Amino acid sequence: MKLLVILSIVYVVYAREKSECEVHREREQKNTALGRLIPECEENGDYKGLQCHGGTRYCQCWDKEGHPITAPSMNVKACECHREKKVAEDKSKGMVGAFIPTCEDNGHYSKMQCWGSTGTCWCVDETGKKTSEPTRDEVNC
């Protein structure tokens, strides 16, 4: 009896309801339409950034809540830049001077990033990691 009580408590503590992504995924797995998108979910239940349409080479970037950020494309390979850009744009609505990253069509960070309000630019790799210091001088990445 004690074991049953302990197991019940453990189940209640560690069980969580299915996330919106997980419910969406289960629903789409039952759908038989060609080219359907079966969402991929993170372990915590958030939507993964890169979502691809089954049986096609079309992928797109989604935010953590499951809203598309980019249109479906055969070029999209990564989504961190597009996600960071969307968060920055959402946070900066009505604010002047916020930094908004620049992304390539494939989802990688553009090699040169500039912060317009400060007049500085710097180089980054495709993951957004700085490879040079910000400067007001000409930047050649």
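Note that Cβ sites are derived from N, Cα and C of the backbone, with glycine treated the same way.
Predicted, not measured: the structure shown is a model, and the values here were computed from it.
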Residue among C103, C114 that, according to TrEMBL, closes a disulfide with C121: C114
From C41, C52, partner that TrEMBL gives for the disulfide involving C59: C52
